[in-house]
Amino acid sequence: MKLKPIEVAEILQKEIANINCLSELEEVGQVITVGDGIAQIYGLANVKSGEVVEFKSGVKGLVLNLENDSVGAVIMGDDNQVQQGDNVKRTKEVLEVPVGKALLGRVVDALGNPIDGKGDIASKEYRHIEMKAPGIIERTSVSEPVQTGIKAIDSLIPIGRGQRELIIGDRQTGKTAIAVDTIINQKQAHSLTNESDKIYCIYVAIGQKRSSVAQIVKKLEDAGAMDYTLIVSATASEAAALQFIAPYSACSMGEYFRDNGMHALIIYDDLSKHAVAYRQISLLLRRPPGREAYPGDVFYLHSRLLERAAKMSEAKGSGSLTALPIIETQAGDVSAYIPTNVISITDGQIFLESELFYKGVRPAVNVGISVSRVGSAAQIKAMKQVAGSVKLELAQFRELESFSQFGSDLDPATKVQIDHGKRLVEILKQAQYHPFPVEEQIVSIYVGTKKYLNDVPLQQVKEFEDKMLTEIRLNKKDILESIKNEQCITEETEQKLKAFLENFVKEFVK
């Protein structure tokens with residue numbers, strides 16, 4: 001059968017019309033060298049700093065170094081899956097993580113992927129991990145309290161919503177315990193319906209043992225605190241790149257609450273290991289080392305993270321993000337590089353001492369050098385009324401105590417002051433995982449400052465406090481309710497409290 005030229009032309013036209021001309025243009029480079037979680041890539045001329053690249057195996061990388069003829073990227077995963085000569089393609093995206101309430105109650109990795117075996121997270125919103133901190137006009141001053149439930153902190157070193165308060169101390173001095181107690185203490189607020197009272201919590205584990213993280217998750221589940229808590233975990237066995245980005249990812253998750261008129265608390269545990277992970281990455285990328293071999297921008301590493309914690313203005317929804325960074329010192333040396341950096345960035349520090357810890361003063365807070373620069377504005381009036389003189393009295397007690405070691409003959413007035421100081425120290429002690437509601441803290445500190453404990457033997461102070469609070473909860477609930485609702489001690493309430501305490505002390509000392 002002979003085809004006419006016109007028919008041939010028609011067939012060709014139909015075939016040409018069916019051809020899909022859409023071709024995808026991809027920028028592809030090649031891995032020159034790989035090792036220690038770092039890949040040097042050749043051929044990605046237009047790649048940006050902070051961009052995500054994808055290796056042949058599907059593992060992602062983050063570009064940090066832009067050099068003349070190659071780029072340096074950190075591998076966010078197992079570097080054994082990346083081989084020399086592998087193709088690498090640009091994604092033209094920066095790192096994003098899922099955010100929102102769907103993450104609450106879950107344990108996720110640094111990239112926001114669930115690692116608790118409870119299935120996928122149905123999150124509709126994603127945010128970049130690196131966000132610009134709010135400007136001065138967008139912020140307002142700190143004015144609402146974050147109740148930690150710890151007497152020594154809420155009375156002497158109060159923390160406000162939007163504040164950055166550093167928890168610093170040697171290993172095994174109870175830094176994480178303070179953070180976990182603060183999370184557990186938010187349970188009371190979450191039982192209320194008012195959204196403005198609630199604080200959502202984010203705990204970031206950086207470079208910790210998996211067993212430690214599992215222990216914290218178990219403790220929070222037992223206390224019923226996981227319902228409003230999210231845990232971001234980048235453990236010691238994970239790539240340094242993941243330990244480096246974990247705090248930024250978690251901060252973006254916290255900013256979702258801050259920017260939607262809610263309140264969030266984020267705990268970075270700990271930023272010492274974060275700085276070590278960044279140092280490792282920087283040295284492997286052959287960046288010039290500075291003091292203690294940290295790179296020159298290690299201050300900016302933490303300042304750009306902690307500046308994202310803020311109390312937003314009314315025009316921006318009045319939300320807040322409070323940060324509690326943790327730093328581990330070596331033999332109490334707070335003048336090392338990273339501790340001094342973070343002290344200068346934050347709005348105060350809670351200093352924990354191993355010496356106090358071993359003496360049985362727990363939480364082992366050194367009240368003398370701990371400070372809260374903005375939190376006192378957020379402290380409720382009732383706490384100011386009772387705790388105003390405690391810091392001074394404790395400072396005088398420490399001074400007298402050190403003098404009394406040299407001589408045995410003390411005049412009666414000094415002896416009375418030392419005995420009073422010892423009882424104040426005793427009343428500020430507290431068991432782990434037992435945060436107190438603020439109204440009960442106020443009653444306990446009132447008892448200490450008004451010298452009701454002078455007749456109580458020192459070793460019975462704890463027993464006295466437990467029995468007194470049990471009695472007041474059962475029979476004098478109106479006193480606690482009045483302090484809670486009025487947020488100050490009215491004359492009427494004080495009279496009731498005095499009458500109750502005078503009777504109780506008589507009964508107890510009998």
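Residue numbers in this text run from 1 along the chain shown.
Positions of Cβ are set from backbone N, Cα and C atoms, glycine also.
Some features that Swiss-Prot has for this protein:
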BINDING   G169, D170, R171, Q172, T173, G174, K175, T176  ATP binding site
SITE      S370  site 'Required for activity'
Residue, out of the binding-site residues R171, K175, whose Cβ gathers the largest set of other Cβ atoms within 10 Å: K175
The one of Q172, T173, T176, S370 whose CB sees the fewest other CB atoms within 10 Å, among these recorded positions: Q172
Cβ packing number for G174 (ATP binding site), 10 Å threshold: 20
Neighbours of G169, D170, R171, Q172, T173, G174, K175, T176 excl. site residues, C-beta within 8 Å of centre, ATP: E328, L352, S354, F357, A364
Length of the line joining the Cα atoms of T173 (ATP binding site) and S370 (site 'Required for activity'), in Å: 15
Assigned conformation of S370 (site 'Required for activity') - DSSP reduced to three states: coil
Rounded inter-Cα distance in Å - S370 (site 'Required for activity'), D170 (ATP binding site): 15
Secondary-structure category, per DSSP, in which K175 (ATP binding site) falls: helix
Cβ packing number for D170 (ATP binding site), 10 Å threshold: 18
Neighbouring C-beta atoms (10 Å sphere around the C-beta of G169 (ATP binding site)): 27
